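The ATP binding site annotation in Swiss-Prot covers 36, 37, 38, 39, 40, 41, 42, 43, 44, 59. What Swiss-Prot records for 290-310 is coiled coil. Positions annotated as compositional bias 'Basic and acidic residues' by Swiss-Prot: 303-312. What Swiss-Prot lists as compositional bias 'Acidic residues' is 313-326. The N-acetylmethionine feature in Swiss-Prot is assigned to 1. Annotation comment: Swiss-Prot describes 3, 183, 340, 367, 387 as phosphothreonine. Annotation source Swiss-Prot lists phosphoserine at 265, 320, 410, 414, citing a large-scale study or a structure entry. Annotation comment: Swiss-Prot describes 433 as phosphotyrosine, evidence class similarity to another entry. Residues annotated as region 'Disordered' in Swiss-Prot: 303-332.
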């Protein structure tokens, strides 16, 4: 028995990469197995740590991404040590990519599981996931950190069913001198009203997002998911808190839990610690109840992978009729002895198991970062005169200013009348819309349809404006990065 133990000593668990590992090239330390999906700022891969045999997740981030946000994500993960938060092991620079090595959660995100099974979650399943998520939020908030992007796509499950918070690409740190933040950041449908209004917010902004996430897990998508994100941004602060579409389907405890999360006044909203004592959470069952849905989702994923592999093999067979093949993986170039290697991908976006930004919605929402220039330094805040009326968010002010400029440029050049081209519509300067009564329904519908393209164009102009500011900074960072071997 002793001989067996000596021959097969148990491998130690990876806790953090040591200095020796960090001075090597990442390929010497890890074997990358497959692509898992897309996270904030980069792609996520499944890999194995050669020394311990432990499976890890590696986020590969191009250096042209927002390096400041990436470094912030690393910094926050480094400071966290909780079973309810994804662990960080270390980072590397490799060619034009930053490799961030993190804990691997084999079951993927909650939104992945919903999508793979094409089925929403039961109350028992939701309660168990919320309990772990609240413990993660309680830990983060105790550390004075705000996640700022809580949603089903950022809650990962390991194969045992333990939920962990992930994707800290937009997380923020609160300091003693900065009780509230004033930047609009997060994913639109999950945003708290005070975040959208830019009136300052603290940790309980995550609680609002958690309430929206609870509805998302129950109904498959968050409230307002069927409308344009920019319209949702107008509606969230002005409308009453959202509720279930069919309240009669859900228990009083679950309904009350969501109600406690979705209180519009942040001062009256419950904290993570308080919600852990809520009857809905206290009655949560163990993680074993999640194993069936995890196994079902992983079976669906495996079948999709096998189907995709068959398609790849079939394509290879069809191509072999035209090219000389060697073992199905080597395509010999005509007239060239050495040939050309063809790498066959066995994964597509449909088989992801980590974080995908389409979540459970039909459109790719991603993470919206508005007014991002205030994030360049953690301590920067916008202060408002509290004696003034609540100011409009900066992105709304931009749209209004842009429209005024268009009105001035077009004043006197057009007369309100039937629509000829939906793209040339100008809002009347005097705000008089009486002339609309004389238009046909068809003209009105055309003008309504013209609003979204106009808005998208203005958003793109904003993006280009900030990109022109960011690029010189990114160029300087890349120049410095070239002088480093490892991060």
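Just so you know, glycine gets a Cβ as well, placed from its N, Cα and C.
Given the structure is predicted, the values throughout are model-derived calculations rather than measurements.
Over all protein chains present, the Cβ of residue 38 (ATP binding site) has 19 other Cβ atoms lying within 10 Å. Each residue contributes its Cα atom, and for residue 42 (ATP binding site) and residue 265 (phosphoserine) those atoms are 35 Å apart. Across the coiled coil (290-310), mean pLDDT in this model comes to 91. Cβ neighbour count for residue 36 (ATP binding site): 26 (other Cβ atoms within 10 Å of its Cβ, all protein chains included). The Cβ neighbour count for residue 44 (ATP binding site), using a 10 Å radius over every protein chain in view, is 25. Counting other Cβ atoms within 10 Å of each Cβ, the recorded positions 42, 265 show the lowest value at 265. For the pair residue 38 (ATP binding site) and residue 265 (phosphoserine), the Cα-Cα distance reads 34 Å. Spacing of residue 36 (ATP binding site) relative to residue 265 (phosphoserine) is 39 Å (Cα to Cα, whole number). Counting in whole angstrom, residue 265 (phosphoserine) lies 37 from residue 44 (ATP binding site) by their C-alpha atoms.
Sorting each residue of the compositional bias 'Basic and acidic residues' (303-312) by its DSSP state yields 10 helix, 0 strand, 0 coil.
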